[in-house]
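Noted in TrEMBL for the protein shown:
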type: REPEAT; residues: A:10-48; note: repeat 'HEAT'
type: REPEAT; residues: A:164-202; note: repeat 'HEAT'
type: REPEAT; residues: A:203-241; note: repeat 'HEAT'
type: REPEAT; residues: A:242-280; note: repeat 'HEAT'
type: REPEAT; residues: A:281-319; note: repeat 'HEAT'
type: REPEAT; residues: A:320-358; note: repeat 'HEAT'
type: REPEAT; residues: A:359-397; note: repeat 'HEAT'
type: REPEAT; residues: A:398-436; note: repeat 'HEAT'
type: REPEAT; residues: A:437-475; note: repeat 'HEAT'
type: REPEAT; residues: A:476-514; note: repeat 'HEAT'
type: REPEAT; residues: A:515-553; note: repeat 'HEAT'
type: REPEAT; residues: A:554-587; note: repeat 'HEAT'
Amino acid sequence: MSMVDEPLYPIAVLIDELKNDDIQLRLNSIRRLNTIARALGEERTRKELIPFLSENNDDDDEVLLAMAEELGVFIPYVGGVEYASVLLPPLETLCTVEETCVRDKAVESLCRIGSQMRENDLVDWFIPLVKRLAAGEWFTARVSACGLFHIAYPSASEMLKTELRSIYSQLCQDDMPMVRRAAATNLGKFAATVEPPNLKADIMSMFEDLTQDDQDSVRLLAVEGCAALGKLLESQDCVAHILPVIVNFSQDKSWRVRYMVANQLYELCEAVGPEPTRTDLVPAYVRLLRDNEAEVRIAAAGKVTKFCRILNPELAIQHILPCVKELSSDSSQHVRSALASVIMGMAPVLGKDATIEQLLPIFLSLLKDEFPDVRLNIISKLDQVNQVIGIDLLSQSLLPAIVELAEDRHWRVRLAIIEYIPLLASQLGVGFFDDKLGALCMQWLQDKVYSIRDAAANNLKRLAEEFGPEWAMQHIIPQVLDMTNNPHYLYRMTILRAISLLAPVMGSEITCSKLLPVVVTASKDRVPNIKFNVAKVLQSLIHIVDQSVVEKTIRPCLVELAEDPDVDVRYYANQALQSIDSVMMSS
Amino acid sequence: MNGGDGGEVTAAPPAGPPPPLEWKFSQVFGERTAGEEVQEVDIISAIEFDKTGDHLATGDRGGRVVLFERTDMKEHGGSRRDIERMDYPVSRHPEFRYKTEFQSHEPEFDYLKSLEIEEKINKIRWCQTANGALFLLSTNDKTIKFWKVQEKKVKKISEMNIDPSKVVGNGSASSSTVSSSPKPYLANGAYPDRSYSCLNNDMTFPPGGIPSLRLPVVTSTETSLVARCRRVYAHAHDYHINSISNNSDGETFISADDLRINLWNLEISNQSFNIVDVKPANMEDLTEVITSAEFHPTHCNMLAYSSSKGSIRLIDLRQSALCDSHSKLFEEQEAPGSRSFFTEIIASISDIKFAKDGRYILSRDYMTLKLWDINMDSGPVATFQVHEYLRPKLCDLYENDSIFDKFECCLSGDGLRVATGSYSNLFRVFGCATGSTEAATLEASKNPMRRQVQTPTRPSRSLSSSITRVVRRGAESPGVDANGNSFDFTTKLLHLAWHPVENSIACAAANSLYMYYA
């Protein structure tokens, strides 16, 4: 046992705790691995610390995860890029552990290191590592290998490249579905590094194997490969090789595969070009919009705007719009909800006339949907449709929908609509807002649920920001101040909260003349909770009002509160007084 | 019956059925001495071999899981892949030794529903092995847990920078001193960054590092087995979980309770998908509950579940997200006129198992074992009478609740034989190959053949039925066994498992685990 000088004590403890029995301490040490490395110096880091980490790899998964992450950014601590290869052995072992998140992180770190390594080091160290993992005894190593090919491949020699491709092809046919899934997931990334002739030959045949796998879970990952590969291939090759596959997939027996197609299809449109899109992809998409399985329709409905953006408007009106109409009265509320969240975006695509004629009735029916989420989703995207046809056509139906949501018995629904009030206000304009929605905003301040009251206070602030202090002076402040005498202290507290939020927006003058007196009056409240909240509000007002006002009004009030019988009131009053003092000192 | 494509009879080897097996005692764990009383918590409630047959797990009513490992084939070196592919000759029978045990579940109380949740292990399933670590799922009535059992190095640290004995007593060290006892920090749940503020990144070190610092050295090479609970899949079942089953895709599993089946991803413990829901809108309309569910051994999209009405439903996960409509239904039409008060109770299926090749399903109801071909939904291909002699006694069995006992069943790895348990610690093995008349009754004791009933050989196939191969067979002995002893309903053999590659059976008689080979 050696003894360590006093200044080194903390670092010595840190090193010792790499092997502490307490996992939290080990985790802490691993997170400070760079400090340990700098204390040991580059050479000892390479010769001692890294081998030490490689050997001690049967730790808990949390520690291993942290280690995998730290090693990814460790190049500077081992002496720079020329020594990067010393980091590979510990990460290689981490690539074989059973816990997926540790492996994923180790692969990520290896990719990060590999992308900085010198080309000959990659050939000497990285590629052999990939080959070892790919031939690993346990599936865990082979899974990890799949994620490293795209780093290894570009610097390999012709012969090695051929070998790497054939190894990857074997991984695509591995006994273990986990390995085939990893191969399918990473195929796109790997393909992006492969030369075009080999892409067409080797990669496409791997892709075809994967698309015919018996395991659904593998096939549906192959769907993702369709879009990635499609973008790499020439248009005619894409039409010849990818298009038939995706059309097939869109009619796969498994709804999960069709679900993936519904999510990915629009990405392929550009790769195949307009004509095949019209002849093959549009019909496939229409089938998915009308799929038997609600989950598939949800995915398809969610992409309807993205898909229409790629098509020309006539095609969209002719083929997609009829399906959209059907979906707007779909039996599944989730389908309608998915549709409602994107359908407003179709307005700019279709143009004014088609929107008024075709989309507007759909908007209106969705606004009356029995399911609150559907209505909320329409309201949340109001700005998109406003740009095309103006809000007037909708406002008739909008108001009842908003009022109904505002009074919904589920507080989460009420909360959601409050969030959208500033957006609505900006779209609908001051006039409409004053007439119809102003009263609602005040009503929420007296909701039974705290979250709603809190959101309502915040909403007032955002409205004041939107329409300006003058408007707020007329339409918000008087109504708020009227409520200060509410018999229930919780409501009075909400008003205090609203005042503290409004003050910065309203500015010094209005705060002093209108808001501050109310707060001062509230300091005489009989409920301690109100009084210490007054102290908090006063503290927040210090920065808004003039120094003289602070001294003349705020300080005396706080001094009085600091004498309060209630301990909490005294505490917050003193806090506020202290911050007055510190503001004075600094100015 | 391995691998015929449609023509069951022609697929059988021309040499006829394999000869009946001669069962011999192999091992017993936890044998009772005469007169020893069995503790309730020690009673075995689940048995499962892993895929290779190298490990065996048992669960008990006390919430413990005990693991055993095979010892008779250690001489095989080589990689795992070699072992997997090796077709080793059966020179020795499987022998196991105790490996480790851990407490999987503890008794709990659900305060919202005022319900006690027993710790009893209902099912154990092995998952994919990796890096020599064993993984398994265990479940009680409500909560499924994912366990990792692994050898860990026993740490013995030397070469510390700071003498640990000094740290403990050294309260007067500077503010950077770190107490070696982490308890006060942990008590708060949060772990502050403590005194490392002086270690922020701008701390400078000499370029060559500080030579006096050294890394700890681990000296011990000993290892010990550690079981760690990796994930807990909870709060997804309103009723009691009766089955869990892994999918062949290696990433998902199902759990089934009386009314619902949920699909989980092994990596995600906070959400599951409901794939079957048989709960009627009004619970008074309830006529049928789920009793058991299992994934197909190779087709990741197929699963089967059995019901209390004696039917088996095969569902295809590809068809829709919620699989309330089955793709195939297997049930036997009851013979007209035979209906009685007990008909429905004894029809209830207590367990189903897929054969290894996935073509056949074995089901156990109170009276029989039935073998179903998934390509033939008109009726079972074979029926084996297990408890026919109890038919006159159903009334007594109903009175003492024995009629609700849930017997498990199992198939041999080659699919040529089936087995199930019975009362008086007996279990029965039947040959199900074409033409086989094998039907053995064995006792879970050191002398399994003691109670062997010599069944007169009966024509097992009714030759008149040329298309379907219907077998009705079994010992139709009276209410007393061959030795004249009356059956003991308190000693029942509910749980048993067949070794996946060899003719070896593990079965539970109360707290004892008996192993037999042939």
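Cβ from N, Cα, C; glycine included.
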Long-range environment of the repeat 'HEAT' (A:203-241) - Cβ separation under 8 angstroms, sequence gap at least 6: 165, 168-169, 172-173, 177, 180-181, 183-185, 187-192, 194, 248-249, 252, 254, 256-257, 259-261, 264, 267-268, 270-273, 276
Residues of the parent chain within Cβ reach of the repeat 'HEAT' (A:320-358), under 8 Å, 6 or more residues beyond its termini: 282, 285-286, 289-290, 294, 297-299, 301-309, 311, 313, 365-366, 369-371, 373-375, 377-378, 380-382, 384-385, 387-389, 393
Contact set, same chain, for the repeat 'HEAT' (A:359-397): CB under 8 Å, 6 or more residues outside the stretch: 321, 324-325, 328-329, 333, 336-337, 339-348, 350-352, 404-405, 408, 410, 413, 416-417, 420, 423-424, 426-428, 432
Averaged pLDDT, computed only over the residues in the repeat 'HEAT' (A:320-358): 91
Counts of helix, strand and coil residues, the repeat 'HEAT' (A:320-358), according to DSSP: 32 helix, 0 strand, 7 coil
Helix, strand and coil residues within the repeat 'HEAT' (A:281-319) as assigned by DSSP: 32 helix, 0 strand, 7 coil
For the repeat 'HEAT' (A:10-48), distant same-chain residues with Cβ under 8 A (at least six beyond the ends): 4, 56, 59-60, 62-63, 66-67, 70-71, 73-74, 77-79, 83, 86
The repeat 'HEAT' (A:476-514) - residue tally per DSSP class, helix then strand then coil: 34 helix, 0 strand, 5 coil
Secondary structure composition of the repeat 'HEAT' (A:437-475) [DSSP: H/G/I, E/B, coil]: 33 helix, 0 strand, 6 coil
Within the repeat 'HEAT' (A:554-587), residues counted as helix, strand or coil by DSSP: 28 helix, 0 strand, 6 coil
